[in-house]
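Annotated features, as they stand in TrEMBL:
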TRANSMEM  A:12-35  transmembrane segment
TRANSMEM  A:55-85  transmembrane segment
DOMAIN    A:59-250  domain 'ABC transmembrane type-1'
TRANSMEM  A:97-117  transmembrane segment
TRANSMEM  A:129-152  transmembrane segment
TRANSMEM  A:173-195  transmembrane segment
TRANSMEM  A:201-220  transmembrane segment
TRANSMEM  A:232-251  transmembrane segment
Amino acid sequence: MSRRAPLPSALVLLAAVPLAYVLATFYLPLLVMLAESLKPQGLSLYVYVLFNPDYAAIMAYSLVLAVVTTASTFLVALPAAYYLSFHVEDEKRKSRLLAAFTVPMLVNFLLKAYALMNVLSVLGLANTYLGMVVGMVYEYLPYMLLPLFSSFERVERRLLEAAQALGARSHHTFLRVVLPLSLPGIASGVALVFLMSFTEFIVPAMLGGVYGYTMGYLIWDLFLKYRNWPVGSALAFMVTLVSLAIVYFYTRWGLGYEA
Amino acid sequence: MRLSALLRGYTIALLVFLYVPLAYVVVQSFNSSRYPGTWEGFTLAWYAKLLVDAEVVRAAVNGLSVALASSAFSTLLGGVAAYYFAKKHRLGIADSFFYVPIVLPEIVEAVSLLMLYHYAGVELGFWTVLVGHTAYNISYAYVALKPQFLATSDNIEAAALTLGAKPFDVFVRVYFPLAVPGVVSSLLITFSMSFDDFIKTAFTTGPGFKTLPLVIWARAARGRATQDLNALATVMIVISLAASYVYTKQVFSRSSRR
């Protein structure tokens, strides 16, 4: 057994500072938001919001957009992630290519949407549904590609040789060996992209034109335009619950892993 | 083999798709044509125009000061938390506590903080934006620094103690130097999260305090791309790409060393 330093008591006190800070500026506001949504009429406001045809339509619309985005991003990222992991032999080249995909992640969302707006208008796709989906895929691609890639990397290569030796065609190997073994990464990418795209509104607002009115935009308007805080809070609180539920189930099923 | 060539072509095409819009903005920012489109000659006029645009300069200064302060505060606070929980070997609860701010959609954080500020009667501006950015940045700093502190083995610490170091010295002279790469990535990532932040800033700022993303939003929402906006976008793209490059390079060199 190695000897452990007793933690200096000053440090214990210091560690309380970040905890208190995050409690006060992140968790406390969530409680304020819950209280705000319950203030006028308790839980019946939630019933009203859920059954109000206008709100329900926007929620359903955003849900569909999030599903379309997640599915398209998955299909677009899959071949590239597969190529990087299984077909690039040289490790240096592999990490260079991977970096090329991840470097744009830190470029501002707004800037990327703006940059894409330029190109989409040249192509005549600005303010169309297709253009908006292209924009969503553009923004979320690295968030899907990275987890897919890292779970492909974990697939034991000998299993592929075994499958081949037993006579499996390459697409069978992919569908029945690689894909099932990569489920954690797929789940991770899908959950991440779905979560982010459900409330995304910068991309729809800039690229979607009339198609761009999503859940995120509705919440934005309810706070900054209509000043209807209780309804805005109720919607935001439902988004919170959905997000936390996704993250909870995802880690609970043991699908979460350190990237 | 044919499949491999096909996949290779596809992957390259995808990278082109990622970079072409950015390159287009950069190229257009040097185009002397009044509106983005056909090339009419090289100019730096749009950059000169930016430098005398009071709103842009102001917003740049605002954004830089918030981002610098927020990255310093959050790296310090997140670092203390990461160190403490890594030492206690009790990461389960702490991880969940600090991960929630990362996974929760930003719009939720933004509206809830706005209401807290409202009921607390705080005047909106520099401080409210700074406090808001730091709220999620602590989590990013925690995530960036935790592996560094975990990687520093208890043996090194035992050696330092055996050689007569005080616990405080162990932190300052053993842990901290070993955690420097983590500190650098933490500073980089929290800086760019804050500098690029749009949603939370939009909700927690007051009249007169704008950052660059807010300026871009207001101008781009007016309809179309303009050349001075392209120049501004170019400056920001280059800064983010540089920061991102440094960060990515560091992360990759770290993981390949392992």
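Each residue, glycine too, has its Cβ placed from N, Cα and C.
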Positions whose Cβ lies under 8 angstroms from the transmembrane segment (A:232-251), at least six residues beyond its ends: 30, 33-34, 36-37, 45-46, 49, 55, 187-188, 191, 194-195, 198-199, 215, 218-219, 222-223
Top partner of the transmembrane segment (A:201-220) among A:12-35, A:55-85, A:97-117, A:129-152, A:173-195 - counted as Cβ pairs under 8 Å: A:129-152
Long-range neighbours of the transmembrane segment (A:12-35), counting only residues six or more past its ends (CB under 8 A): 233, 236-237, 240
Listed stretch, out of A:97-117, A:129-152, A:173-195, that has the most CB pairs under 8 angstroms to the transmembrane segment (A:55-85): A:129-152
Close approaches to the transmembrane segment (A:97-117) from elsewhere in its chain (Cβ under 8 angstroms; 6 or more beyond its ends): 80, 84, 88, 126, 134-135, 138-139, 141-143, 145-146, 149, 202-203, 206-207
